[in-house]
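According to TrEMBL, the protein carries these features:
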| type | residues | note |
| --- | --- | --- |
| DOMAIN | 16-505 | domain 'K+ potassium transporter integral membrane' |
| DOMAIN | 518-772 | domain 'K+ potassium transporter C-terminal' |
| TRANSMEM | 52-74 | transmembrane segment |
| TRANSMEM | 144-166 | transmembrane segment |
| TRANSMEM | 186-203 | transmembrane segment |
| TRANSMEM | 210-232 | transmembrane segment |
| TRANSMEM | 258-277 | transmembrane segment |
| TRANSMEM | 289-309 | transmembrane segment |
| TRANSMEM | 329-356 | transmembrane segment |
| TRANSMEM | 377-399 | transmembrane segment |
| TRANSMEM | 411-433 | transmembrane segment |
| TRANSMEM | 438-461 | transmembrane segment |
| TRANSMEM | 467-484 | transmembrane segment |
| TRANSMEM | 504-524 | transmembrane segment |
Amino acid sequence: MMMQWSWRHLSRNLLLAYQSFGVVYGDLSTSPLYVYRSVFMGKLQDYQTEEAVFGVFSLIFWTLTLVTLIKYVFILLSADDNGEGGTFALYSLLCRHARFSLLPNQQAADEELSAYKYGPSAHVIASSPLKRFLEKHKKLRTTLLLFVLFGACMVIGDGVLTPAISVLSSLSGLQFTAKKLTGDEVLLMACVILVGLFALQHCGTRRVAFLFAPVVIIWLFCIFTIGIYNTIHWNPKILRALSPYYIYKFFRITGKDGWISLGGVLLCITGTEAMFADLGHFTALSIRMAFALVIYPCLVVQYMGQAAFLSKNLGSVETSFYDSIPNSLFWPVFVIATLAAIVGSQAVITATFSIIKQCHALGCFPRVKVVHTSRHIYGQIYIPEINWILMVLCLAVTIGFRDTTFIGNAYGIACMTVMFITTWLMALVIIFVWQRSVLLSIAFLVFFGSIEAVYLSSAFIKVPQGGWVPLVLSLIFMIIMYIWHYGTRQKYSFDLHNKVSLKWLLGLGPSLGIVRVPGIGLIYSELATGVPAIFTHFVTNLPAFHKVLVFVCVKSVPVPSVSPEERFLVGRVCPRPYRMYRCIVRYGYKDVQKDDGDFERQLIQSIAQFIMMEAEESSQYASSESSSLDGRMAVISTNAERSTTSLIVSEHEEDYGVTSTVQSSKSPSLQSLRTLYEDETPQVRRRVRFQLPQNPSMDLSVRDELMDLIQAKEAGVAYIMGHSYIKARRSSSLLKKIAIDIGYSFLRKNCRGPAVALNIPHISLIEVGMIYYV
């Protein structure tokens, strides 16, 4: 049995490793097309000697080995957040092990989630002075969030720049071969290919991976073979350059000009961050296998062979890759190189979707549509709005620059900035999550941070020559993210300070001072505790309310995913005669809320289970009624086997146009309106019916409460949401007025509404307008 499981585990990872070639490594594996050209086209033109070529290869080899292989493959992939990677995965780990999060609706119950626990218990570092210092100062926590947002924005910038440089690099080779093509014709072809590439994204990562993976594998085989041929044929002495001594010789000869050329050398590791950011689409083992066994040796051999060729053909720097190909293999390799360069952009597009989803779940990005594209790998997603925005920006960069040199300058800054931010976050993870010594964290930060700081300083010199693009894009996206996060926190703070007191609610009595009509009212609010102000706003304007009221809070927690067994937290708001409950529905930043029409059934079953569980505990411990009031929550599993202890569920299909045999309390006019709506959307639906189990020993009050719940469900479910208008107070500063009245209001009007994001049926939706002065 163990051997069967091991073989299944290995075969699954081998399949994922195969898919990763088409998604993760396209960009990294096509870097040999332009690295040597980028290095020697600047001030290094005066140093085109054999020693300089040996020094550049040594730099490339040790950069690939230290940054990509050791830092990312062996260290960072071990810091996954339950299988999820990227800067926000590291941030969520930090928020769970120290109070760094600025999310307002976190509860102690969230820490009981199985996915919440990671590594050793938190009490070991409870007395850490550094931890207390960071938790005490809110400005430091805000700075950390801005730091993470900046890294996320740079990944989005990569998603714009990578397709542009990949496609233009491939087609510039075509222009070099077919000299009849003009620059405008090549630009038009590039734009057509880019549109086609982004149009393919809706197929999902899995289909795109199977389509692209063979291209990358053939490409890797070609560059490996050519690299061996060039090394043996031109200059086997290049093997000596594996020694870091040649790096010292290189800088001794080139000096400051050699430091400036590092902006070209760092292009050999572009796409490395995608390995970590795309981790949710694959597994750490599959990515390690693909890189260590295939990608790394192929790239080293190719760079070595190209350096061997250049050392004997110093005049071929501009077209070193194509000139190093034997004449008989030129056209086949050229076709594969063109296809592989186009595939290279897939990795960062996929990583951008993952980053945007994580930002949205942690309250740092406006609501967008997230499509789950795979039944087997839960992290594979597609975001239509972001896909088309990336396409428009990518076309603008391509048409605006038309030159891979300028785009390469921008690309180097974006990639190295993300790596530098990741290094700082990883240093904090070593202390707070892995709970290792501060000295180890400092050693990691100094070693890798110093390497990346040198590369980053070289890249920033080229800001005027195109390097400003990722900085401007990151600034725009960062402003959007922070305004959304700030507005969300201000709105929650208003709800928190204006919530209804339980004493006022108890004073109204079980009837709430109004008529209680049959049915269930689901009142949506972001509050995890207390009764929202929208409730009093509704009660004072309408003379009736539903017999069963459920305050529903759908919230994100800083974990990748929440298992269905732990998703629902159910409690009672008032004493039993009030029939008022609270249900908190928890999702992780990796979870996708599916529109499966099963939410109502799960909600009713969860409340019924809570009623039964509460009755059992009351009989055992003789607890007072007050212990069941607001604040006491229980995790309720929606597992079908466990839920049968409370209610019996039966299902049957019926057409929308057929009159239901269930007696409804709705008036004839409302029933006719609903029938008219259903006739316009004819389809077959599943009718869920609940029945009480045959249990003579069941307490009478419990049976009455369950019967009220069933009858209310049969009468109908209404979804009540606030339609809020957020405005800054008159006494607010000018900056806050601009952020709230202009920025946040614009984003709320132009993103998906909460009802759409929560998959609430339009026919059952009631919206209550409210103005928030924050």
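Just so you know, glycine gets a Cβ as well, placed from its N, Cα and C.
These numbers come from a predicted model, not from an experiment.
Most Cβ pairs under 8 A with the transmembrane segment (411-433) among the ranges 144-166, 210-232, 258-277, 467-484 are made by 144-166. Among the recorded stretches 289-309, 329-356, 467-484, the one sharing the largest number of Cβ pairs closer than 8 Å with the transmembrane segment (258-277) is 329-356. Same-chain residues lying 6 or more positions outside the transmembrane segment (186-203) and placing a CB less than 8 Å from one of its CB atoms are 163-164, 167-168, 171-172, 174-175, 211, 342, 345-346, 349, 371, 373, 382, 384, 387-388, 390-391, 394-395, 398-399, 402. The transmembrane segment (329-356) and the transmembrane segment (504-524) are not in contact, since fewer than 3 Cβ pairs between them lie under 8 Å (pairs 6 or more apart in sequence). Contact between the transmembrane segment (52-74) and the transmembrane segment (467-484) is absent: fewer than three CB pairs lie under 8 Å, with pairs separated by 6 or more positions in sequence. Long-range contacts of the transmembrane segment (377-399) within the same chain: residues 16, 83-84, 156, 159-161, 163-164, 167-168, 187, 190-191, 194-195, 198, 201-202, 204-206, 279-282, 349, 352-354, 356-357, 368-371, 407, 410, 469, 473, 561, 590, 592, each at least 6 residues beyond the stretch ends and with a Cβ under 8 Å from a Cβ of the stretch.
Residues 13-14, 17-18, 20-21, 24-25, 28-29, 31-32, 35-36, 53-54, 56-57, 60-61, 64, 68-69, 73, 220-221, 223-224, 226-231, 233-236, 238-239, 241, 268, 275, 316, 320-321, 323-324 of the same chain, all 6+ positions outside the transmembrane segment (289-309), place their C-beta atoms under 8 angstroms from a C-beta of that stretch. Long-range contacts of the transmembrane segment (467-484) within the same chain: residues 146, 149-150, 152-154, 156-158, 160-161, 359, 363-366, 393, 397, 407, 409-414, 417, 459-460, 739, 743-744, 747, each at least 6 residues beyond the stretch ends and with a Cβ under 8 Å from a Cβ of the stretch. Confidence across the domain 'K+ potassium transporter C-terminal' (518-772), taken as the mean pLDDT and rounded to a whole number, stands at 74.
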